Amino acid sequence: SVGFKAGVKDYRLTYYTPEYETLATDILAAFRVTPQPGVPPEEAGAAVAAESSTGTWTTVWTDGLTSLDRYKGRCYHIEPVAGEENQYIAYVAYPLDLFEEGSVTNMFTSIVGNVFGFKALRALRLEDLRIPPAYSKTFQGPPHGIQVERDKLNKYGRPLLGCTIKPKLGLSAKNYGRAVYECLRGGLDFTKDDENVNSQPFMRWRDRFLFCTEAIYKAQAETGEIKGHYLNATAGTSEEMIKRAVCARELGVPIVMHDYLTGGFTANTSLAHYCRDNGLLLHIHRAMHAVIDRQRNHGIHFRVLAKALRMSGGDHIHSGTVVGKLEGERDVTLGFVDLLRDDFIEKDRSRGIYFTQDWVSMPGVLPVASGGIHVWHMPALTEIFGDDSVLQFG
């Protein structure tokens, strides 16, 4: 019969297309899908493709007013996960037109906005994204990148050294600045505000900025090296964040810092643009990442959050330490460290890289090894991360 038929249809009739040849402009996603008992994997994979693109739970007459073939996400391949019962990797291709240019926020809202609460799925994890050059070229990316940072700092052929000022909460601004001076004078390249140092009653941000700047200039004068302190510009509103970055620029310091997940991608991208326009380096902390990436079978893998940060913009990002953890984790960590630093990364499933990623000429991000590391870890850290990294102690 011709005409419109309402009713609930299986997603796989429309959204599971194993014969589909992916386009060079498609955004590709690899999801780890755990279907509910009785739900076939093809239906679960198609449901993800539908709900994160053009589909809804039923057919509506307005579907006829657009071209689904042009705009729908497609689940084009499904494979079982070795060694896991009832787990599959579903590959989904999204047409480029579904996404706003230069917006990580919109990309995530589309791809992971709704599907994770889906009834047909017991659990869902976004393992990897392939960002085509046609899309990544709409982003500024890191404010400066690895090479420009080395030129600004005049430090080459070695990892950069930093430490976080402790106790992280409770010091007055003056004593905080004193600790910054001692660390920088003693030979570190950078000191760091802790991620939860914003502007608390015992130390308001402007006081901290002034005393830290004094410490930087004093240490620079005495050592003849360029020094920096990651001044945390993260704030309760985007306007306040930019205000703090403006103050840092006026004080003439080299680098500011942002918590990109708690602060949000929109704020982070604004800050990255400001930093490039004004010659500030941008250090990114990943506070809250484990809420999103820790579960093996649900959430978003950190390599996706790392790719998103490279697009949104940051010159440093915390990326784990590898030291003392499992060997397998080492390969996976090195996988996303390469995704942060290199121009072109080959698909390599043993390192968790599901797609070949071509960043073309987008600047790289320095990985920051941070969290529970001390001097005895140095040989392992330099072997794992090589020269292009920041070793952040404390």
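Residue numbers in this text run from 1 along the chain shown.
Here the Cβ of each residue, glycine as well, is placed from N, Cα and C on the backbone.
These numbers come from a predicted model, not from an experiment.
According to Swiss-Prot, the N6,N6,N6-trimethyllysine annotation covers Lys5, on the basis of similarity to another entry. If you look up Swiss-Prot, you'll see Asn114, Thr164, Lys168, Arg286, His318, Ser370 marked as substrate binding site. Look at Swiss-Prot and you will find Lys166, His285 tagged as active site, proton acceptor, backed by similarity to another entry. As annotated by Swiss-Prot, Mg(2+) binding site applies to Lys192, Asp194, Glu195. Taken from Swiss-Prot, the feature N6-carboxylysine applies to Lys192. Under the heading site 'Transition state stabilizer', Swiss-Prot lists Lys325.
The DSSP secondary structure for Lys168 (substrate binding site) is coil.
Recorded residues Glu195 (Mg(2+) binding site) and His318 (substrate binding site) have their alpha carbons 11 Å apart, per Cα-Cα distance. Counting only same-chain residues at least 6 apart in sequence, those with a Cβ under 8 Å from the Cβ of Thr164 (substrate binding site) are Thr191, Lys192, Asp193, Asp194, Ser370, Gln392, Phe393, Gly394.
Each of the binding-site residues Asn114, Ser370 was scored by other CB atoms within 10 A of its CB, and the lowest score goes to Asn114. Between the CA atoms of Lys166 (active site, proton acceptor) and Asn114 (substrate binding site) there is a gap of 40 Å. Shown in sequence order, Asp259, Tyr260, Leu261, Phe302, Leu305, Leu309, Ile317, His318, Ser319 are the residues of the chain, 6+ apart in sequence, with a C-beta less than 8 angstroms from the C-beta of Arg286 (substrate binding site).
For His285 (active site, proton acceptor), the same-chain residues lying six or more positions away in sequence with a CB closer than 8 A to its CB are Glu195, Asn232, Met257, His258, Asp259, Tyr260, Ile317, His318. Max Cα-Cα distance over the annotated substrate binders (Asn114, Thr164, Lys168, Arg286, His318, Ser370) is 37 Å.
Of all the recorded positions listed here (Lys166, Lys168, Lys192, His318), it is Lys166 whose C-beta has the fewest other C-beta atoms within 10 angstroms. The record gives Lys192, Asp194, Glu195 for Mg(2+). Within 8 Å of the mean position of their Cβ atoms, the other Cβ atoms in that chain belong to Thr164, Ile165, Lys168, Asp193, Asn196, Val197, Tyr230, Asn232, Met257, His285.
Around the Cβ of Glu195 (Mg(2+) binding site), 20 further Cβ atoms fall within 10 Å across all displayed protein chains. All protein chains shown were included, and the count of other CB atoms within 10 Å of the CB of Asp194 (Mg(2+) binding site) stands at 18.
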